[in-house]
Each structure stands twice: as structure tokens, then as C-alpha cells.
Amino acid sequence: MTIIIGMEGSANKIGIGILKNGEILSNPRKTYITPPGLGFIPSETAKHHQGCVLEILDEALREANVSLKEVDAIAFTKGPGMAAPLLTVALVARTLSLMWNIPLIGVNHCIGHIEMARAITGANNPTVLYVSGGNTQVIAYLEKKYRIFGETIDIAVGNCLDRFARILMLSNDPSPGYNIEKLAEKGKKLLTLPYCVKGMDVSFSGILSFLEERANNLLKKGEYTKEDLCFSLQETIFAMLVETTERAMAHCGSSEVLICGGVGCNKRLQSMMNTMCEERCGRLYATDERFCIDNGAMIAQAGYLMFKCGITTSLKDSWVTQRFRTDDVLVTWRDD
Amino acid sequence: MNDVSLITQGAEGRVFNAKFLGKNVIIKHRFKKTYRHPDLDDYLTKERIKAEVKSLVRCRMVGINVPALYDVNLHASEIVMENLDDAIQARKFIYERKADRSEVLGIGKEIGAVLAKLHSNDIVHGDLTTSNILIRPSSEKPIVYLIDFGLSYVSDKIEDKAVDLYVLERAVSSTHPDSDGFLEVLWEAYREKGGKKLNSVLLKLDEVRTRGRKKLCFG
């Protein structure tokens, strides 16, 4: 029997998940929500995490009915992410490790997303679209690495959505992306936005500047509603993502797609991707907000796979890093 | 047109074998992508057909090997092209000849020279991967063909050409992680053929690379 605790806090979510032989026993999470028009600043996000990390740990242990003595390893997010929040969580992980003499496992956040989504959906070897506030990558597994075939050449898709929500002063509760999604459902009129695809890469900064310059004016003149703008933004950027994913599938000869990361729970993105898959007799795998959005269980899941291969992280190597590429990790746990 | 049979479904559309004026041809049909908004789909499909057709002709004029263009039907979203049925994708070529390093490097050199010619004529391909480069065997050295010009455009900007190469570099290192030296000979041939003007593209490529690597990735 293997019990792994996973601790995640690389951005504005803090979550702790407990896995027993790969089965999720608990997975509580809290989100640092800022007022409309504002993003989350690293130092303040870290303060939020510091304020509730022990409470969430308690909750996770209680719900799982597990005591720290029984835990085999503590997996924590090594990166990528914001430094201050990462440090907060790593510090707690190290302290627990020393107090209870439990080995540590430093996990790449992106790998956590991929492995969680694979475990939940049962997708075997899919082309992965990883979309979140800080990341936009089209990934496929080849020879022991998750290789990046396409990615954003500037800002992440979630960052584009978040910042657009700030232009419109939408609420950040539960997340800016969710509120854009809801408004977009009522949008009808498509505004032509820049469409920027370079092979399997995408770019969002031009779209964002375009909207920054025009959105408020278009609303004032009554030419477009907030709903129309949310609709236009989603239709455009999701079409770019589906197109580049399809291009990676065609290039790699793959027929499965897996969507993960926070933006991955957007129903419109899932439905567009599903249509694309149907048109090429492929299959889509997606999960809901419990697993798409950052959580502790995903770090525990990647940690569990690493632990089974005998990988642990020594105390002196338990530092965190803001930059940690998905393709830097040697995937020793996959044999295909 | 008759005897139409599907060969493959690429990212851009479906490709069919067919007969056209007695010739064996391929038809590339950009079917309606119902996942995207009809207005956007219509716009993108038309833009890409136009881009592809223009670049095929432009390449042909300056002596870059591309399939000959026979017909365009914007209304049906179809183009009819020469069938290069004895050519294989560079991707397949590299996989199949993993053991023969000198042959793989030889191809890298040929590709580098073709890309130099492409960029010297201010054509940016926009989607350079080893799937979009074909290798046609010949009695002397293999001949390189470029296909899939849907994302191509005309530009004399160093930046655009550097990004074009960056896209290729990323595709090669992800698709062929063990192809040591392949990109090096490719850049060398590109530099050699391209002269001073294209040397600045390679310098810009260094800058584009650091942009990619330095990108924050969290969330």
C-alpha cells in the first residue's frame, strides 16, 4: 500500500491531495480571489497560501482518514510557477518531511496535469493540449519525454482570458475564465480579431492589445455587447488551439486528444475539440474543474508514478524553480 | 473527375487521389470545419487556399520544387496538384534511415539549401515540419519538395524568416530527438546558400530561441 500526499501552490490555487495506491482519498483546494480588474501578485498570493496551508492539510488528512505516520512520500510542486507561492508550499513540504521522516518528491507542475488527466480519463497515448493561466502547449509523448510540438510564443491563453476579464471588469470569482465562458454563451455577433497561428505555435498578445485598444469603445458605441466580445474572443482563440492541436495530431499520426489545465474545463473549448476529433475519427478525453484546475491530487499522482520508479528528491535538491520545462523531465515511468 | 480516393486527412483538409485531364493528380479539399464559427471558417479557408496557390506559383517561378498546380476552385475549396507519389515525407525518411547517419545529414544539407532559396525570395512557409517536406529519390542525390503552403506569406522581414526556421527547429527536435547534427548541417547549408542577407536570419534565430525558452510557464 502506497500513500502519497501531493502539495500544489504554484499560482493562485493551493491544494493538497492524498492518494492511496493511485486512488484519490481527498483533494481540498482554496483559491486566492482578487477584486475585479486586478490580477494576483506573487507576494500577496504567497501570504494567502501561508494563511491556509495548514488548515487545508488538516482537511485533507481528516477527509482521507490518514495520519502522517502512514504517508510514504510527500510530493510537492517544484515548478514552474510563481516563486513566492512555490516557496511557501515547498517549505511546508520540507518541514513535514523532516518531522515525520518522509521522503520528498519534487514534481513538475505540467507533468502533474498530464498524468492526472491520463489517470482520470484512461487516455493512453494522446496528443495533449495543456492550457492554463501560465501555459499553452501542444504536447506528445515520444521516447521517454513529453515533447512540446507547439506552444504560445508570447502569453498563455489563460493569461489572455484573465486580462481580457480585467478590461471588462468581470468578477474573478470563481475564476475570470468561467465568467467569460458564461457571458460568451449569450454572445451572437462575431468581431473579427487577429488570428495568429505559426505552424503548431500560437500567439495571443496581438489579440489582447487589439481588444485593450478597442473593447471599451465598442461597448460604449453599442456596436457590441460584453457577451459578443467574450464570444468573439473565445471563438477565435479556441479555434487557434484546436487548429494547432489538429496539426500536431496529423504530424504525429495520433487520433486521441487530451485536454488538461485550468482552461481545459471550458465547455466550449471541449465541444470544439470534440467536433474536430469526430471529423477525423478521433477521440477526445477531457476532465472537469476538479482535475483541470490546479489541485493537490495531480501532484500526488505524478509523485506516485515517480515513487514507484524509485525517484525521490533529497532535501538539498528540494529547491523550487519558476522555469521548468515539460520536456526537461525524463519520463522513467512510461515504457512505451 | 473520377476515380477519387482518399489518401489522407491532414490538418488542413482531405487529400484525394484522382484523375484530371488524363493525369494522376491529387486534390486537396479544405472541408468545412464545423468546430469553428462559419464566418471565421470561411475567411480562413479562403485565405489559406489563396496563400497556398500564390506560394506554389511563386516557388515554381524561382525554381523551388513544389507540386505543379493544375487547377483551383475557391468555391469548392479545392486545389488540384501534381501527384508526387514516389516522394516520401522527410519525417518518414529520417525514421527509416535512422541507422544511416550520412544519408540523413545529406538530406539536412539539401533542405537547408532549399530553405535558403525560399527565404531569399521572401517566401515564408509558416508551417515547416518534416511532414511538409518531401524527399523524392533520384539517381543522383534525392530531391527536396516543399508542400502545404496554407500558412505561407510573402515577407522580407528577418523576424518572419527567423520564426519560420524556429518552427522547423522545434518540430525537428520534438519529432526526431536523436537526429544529432541534422539541424547543424541544415543551418550550415542555409548560411552557405543564403549569403550575408540570410546570415542575419540565423542571428535573429538565436534571439527568437531565447524568447521561447524564457517564457514563464505556470498555472
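Cβ atoms are placed via backbone N, Cα and C, with glycine included.
Together with A:Tyr130, A:Val131, A:Ser132, A:Gly133, A:Gly134, A:Asp162, A:Gly177, A:Glu181, TrEMBL lists one candidate of A:Asn27, A:Asn266, A:Asn274 for binding substrate, that being A:Asn266. Together with A:His109, A:His113, A:Tyr130, TrEMBL lists one candidate of A:Asp228, A:Asp288, A:Asp294 for binding divalent metal cation, that being A:Asp294. The Cβ neighbour count for A:Asp294 (divalent metal cation binding site), using a 10 Å radius over every protein chain in view, is 28. Proximity to chain B, taken as a Cβ less than 8 Å from one of its Cβ atoms, holds for A:Ser132, A:Asp294 among the binding-site residues A:His113, A:Ser132, A:Gly177, A:Asp294. DSSP assigns A:Ser132 (substrate binding site) to coil in the three-state reduction, placing it in neither a helix nor a strand.
Within the set A:Tyr130, A:Val131, A:Ser132, A:Gly133, A:Gly134, A:Asp162, A:Gly177, A:Glu181, A:Asn266 that the record links to substrate, no two Cα atoms are more than 18 Å apart, and one pair reaches that distance.
When Cβ atoms from all protein chains are considered, those within 10 Å of A:His113 (divalent metal cation binding site) total 35, not counting its own.
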